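*Asks:* Below you'll find the structure I mean.
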Amino acid sequence: MGQKWKLYIVKDGKVIRKNKFCPRCGPGVFMADHGDRWACGRCGYTEWKKK
């Protein structure tokens, strides 16, 4: 916890998110990238990536 700064990058003077937000929990709750899926650690929502 407390390391949300690692989930942002600055490119061409703009701040860009590396991971996406959870559609259930809303802005501020990031989903974890597990390679084959995106998962929310708060509510458990999972999106599978397409091959």
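Cβ from N, Cα, C; glycine included.
Found this in Swiss-Prot, in case it helps:
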| type | residues | note |
| --- | --- | --- |
| BINDING | Cys22, Cys25, Cys40, Cys43 | Zn(2+) binding site |
| ZN_FING | 22-43 | zinc finger |
*Asks:* Quick check: which same-chain residues outside Cys22, Cys25, Cys40, Cys43 lie with their CB within 8 A of the centre of the Zn(2+) site CB atoms?
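*Replies:* In sequence order, the nearby non-listed residues are Pro23, Arg24, Gly26, Val29, Met31, Gly41, Arg42, Gly44, Tyr45.
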*Asks:* Could you give me three numbers for the zinc finger (22-43), the DSSP helix, strand and coil residue counts?
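*Replies:* Residue counts in helix, strand and coil order: 0 helix, 13 strand, 9 coil.
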*Asks:* Within 10 Å of each Cβ, count the other Cβ atoms and name the one among the binding-site residues Cys22, Cys43 with the highest count.
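*Replies:* The residue with the most neighbouring Cβ atoms within 10 Å is Cys22.
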*Asks:* Would you please pick out, from the binding-site residues Cys25, Cys40, the one with the fewest other Cβ atoms within 10 Å of its Cβ?
*Replies:* Cys25
